[in-house]
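A.B. asks: Pulled these from Swiss-Prot:
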type: BINDING; residues: Thr12, Arg16, Thr265, Gly308, Gly409, Asn413; note: ADP binding site
type: BINDING; residues: Thr12, Thr13, Ser14, Thr265, Gly308, Gln312, Gly409; note: ATP binding site
type: BINDING; residues: Thr12, Arg82, Glu83, Tyr134, Asp243; note: sn-glycerol 3-phosphate binding site
type: BINDING; residues: Arg82, Glu83, Tyr134, Asp243, Gln244; note: glycerol binding site
Amino acid sequence: MEKYIMSLDQGTTSSRCIIFNKKGEIVSVAQKEFTQIYPKAGWVEHDPLEIWGKQAGVAGEALNIARISPEQIAGIGITNQRETTVVWNKRTGMPVYNAIVWQCRRTAGYCDELREKGIDKTIKEKTGLMLDAYFSATKIKWILDNVEGARELAEKGDLLFGNIDTWLIWNMTKGKIHVTDYTNASRTMLFNIHELKWDEELLEILDIPKSMLPEVKPSSCVYGETDEILFGVSIPIAGDAGDQQAALFGQTCFNAGMAKNTYGTGCFLLMNTGEKAVDSKNGLLTTIAVGIDGKVEYALEGSIFIGGAVIQWLRDELRMVKTAQETEKYATEVEDNNGVYLVPAFVGIGAPYWDSYARGTILGLTRGAKKEHIIRAALESMAYQTHDVLKAMEEDSGIELKALKVDGGACQNNFLMQFQSDILGVEVDRPEVVETTALGAAYLAGLAVGYWKDRNEISQNWAISRSFAPAMEDEKKEKLIKGWHKAVTKAMDWEERE
């Protein structure tokens, strides 16, 4: 009987299930979108019960599509939207409030209060994170302080907290297992990434009872088994990692200096720094890459706010293209950018500049500038921003970038990938299987149940669809980068400060 690994990929807009075979190839995919709830401006919520229902539904669907029985699943891996916060009553299994999503800004004011007290330095030292409403800690506090009766229940030990991974595992095991992994714990702003435990001082500052928190385990180990009611048989739940860390693992970035970039609406860059937690001087996050083989490995993380979103803007607002795919054709119809730079700082600019008052700008326009040059400049902006973050990572870690592995929608754009390689001066590798997030969770589960022997075996699975090698002369590259940096300085400090 042939065996497979099931991966539950619980994202921000949809719940998916992907089944993989021994070669790391996709056997079947099932996906369902769920409701985005916006109670007020800047607030974002999900219904945890809807997420669980849809996630269980797609698991059954993926088995049907693949025409395999639950007995053929050797293990289940879970990967999830990180930071999103669920608090539920352990006696009833019911959430006391909707899940507060990572994008939600409702606790920004409270974060400012903590910053005024200098707590941000303590948080950075212990958790590797910047004090921000993005992470789970202030979301938990908000629920305890604003939902009627929540704090009393928590003090009595009746409430549980979890990110989406914990919530899914709790439901899959019918409330037997309350657990998370090191990668998800490292995004709560409550976990000491050096001592590998929940931090008592931070819990005290935020007034969060420790009894609410899940047990923290490696990313690859058997946490428990699914309740038989789910599939008719018990299946080991054996892998768990936050989505970006799962993608790093799925891209087989197992050694220090290996990095991946996910080109989505924004871009997420992670670089493996090995067993060393690197403190960033450039405003990057220090995070846990994976907990495996009796140890944890660390990563530096940088995000770019506007990646593929700049292409959506060209399509929807400027109406320069009908589809995102057309941008490649237009960009290659001109020899170069003709001196045109586009800085997509629509919502400010992130690492390593960190200027929330920057705004988008197009510079270097002359009478010879055409639509094609603007489209090309938009694509190039993704590569320049990636370059800036990776250079900051190299500087922080003292580790030289060896190659960049890519995934996400925009990695299908060959012009962009070639330009990325030219600007970085390293090889850019696009894999055969671009579902690297789900694949990473599958690998973590498969290793724990012995489906794959070790990381070497997995590395042999990793197949390149296309590799892009740098082909630009150094002088030209330096000139382009200099032009980009000049453009960024013009975009900065534009919006009036209140």
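Just so you know, glycine gets a Cβ as well, placed from its N, Cα and C.
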A.B. asks: Using a 10 Å cut-off on Cβ-Cβ distances across all protein chains shown, tell me which of the binding-site residues (Thr13, Asn413) has the largest neighbour count.
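C.D. replies: Checking each of Thr13, Asn413, the winner is Asn413.
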A.B. asks: Among the binding-site residues listed here (Ser14, Gln244, Thr265, Gln312), identify the one with the smallest other-Cβ count within 10 Å.
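C.D. replies: It is Gln312 that, of the binding-site residues Ser14, Gln244, Thr265, Gln312, has the fewest other Cβ atoms within 10 Å.
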A.B. asks: Looking at Cβ-Cβ distances, which residues of the chain lie under 8 angstroms from Gly409 (ADP binding site) while being 6 or more apart from it?
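C.D. replies: Tyr263, Gly264, Gly308, Ala324 - these are the non-local Cβ neighbours of Gly409 (ADP binding site), listed in sequence order.
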A.B. asks: Of the binding-site residues Thr12, Thr13, Thr265, Gln312, which one sits closest to Asp243 (sn-glycerol 3-phosphate binding site) when you measure Cα to Cα?
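C.D. replies: Checking each of Thr12, Thr13, Thr265, Gln312 against Asp243 (sn-glycerol 3-phosphate binding site), the shortest Cα distance is to Thr12.
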A.B. asks: For the C-alpha pair, I'd like the distance in angstrom between Gln312 (ATP binding site) and Thr265 (ADP binding site), rounded off.
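C.D. replies: About 9 Å separate the Cα atoms of these two residues.
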A.B. asks: Other than its own, how many Cβ atoms are within 10 Å of the Cβ belonging to Arg16 (ADP binding site)?
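C.D. replies: I get 23 for this one.
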A.B. asks: What whole-number distance in angstrom separates the two most remote CA atoms of the ATP-binding residues Thr12, Thr13, Ser14, Thr265, Gly308, Gln312, Gly409?
C.D. replies: 20
A.B. asks: Provide, as an integer number of angstrom, the distance between the C-alpha atoms of Gln244 (glycerol binding site) and Ser14 (ATP binding site).
C.D. replies: 16
A.B. asks: Need one number for the glycerol-binding residues Arg82, Glu83, Tyr134, Asp243, Gln244: the maximum pairwise CA distance in Å, whole number please.
C.D. replies: 15
A.B. asks: What binding-site residues in the list Thr12, Thr13, Ser14, Arg16, Thr265, Asn413 lie within 10 angstroms of Arg82 (sn-glycerol 3-phosphate binding site), counting C-alpha atoms?
C.D. replies: Thr12
A.B. asks: Given the binding-site residues Thr12, Arg16, Thr265, Asn413, find the one whose Cα is closest in space to the Cα of Glu83 (sn-glycerol 3-phosphate binding site).
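C.D. replies: Closest by Cα distance to Glu83 (sn-glycerol 3-phosphate binding site) among the binding-site residues Thr12, Arg16, Thr265, Asn413: Thr12.
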A.B. asks: Same chain, not part of Arg82, Glu83, Tyr134, Asp243, Gln244: whose C-beta falls within 8 angstroms of the C-beta centre of the glycerol site? Give them in sequence order.
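C.D. replies: After dropping the recorded site residues, what remains is Gln81, Thr84, Trp102, Arg187, Gly242.
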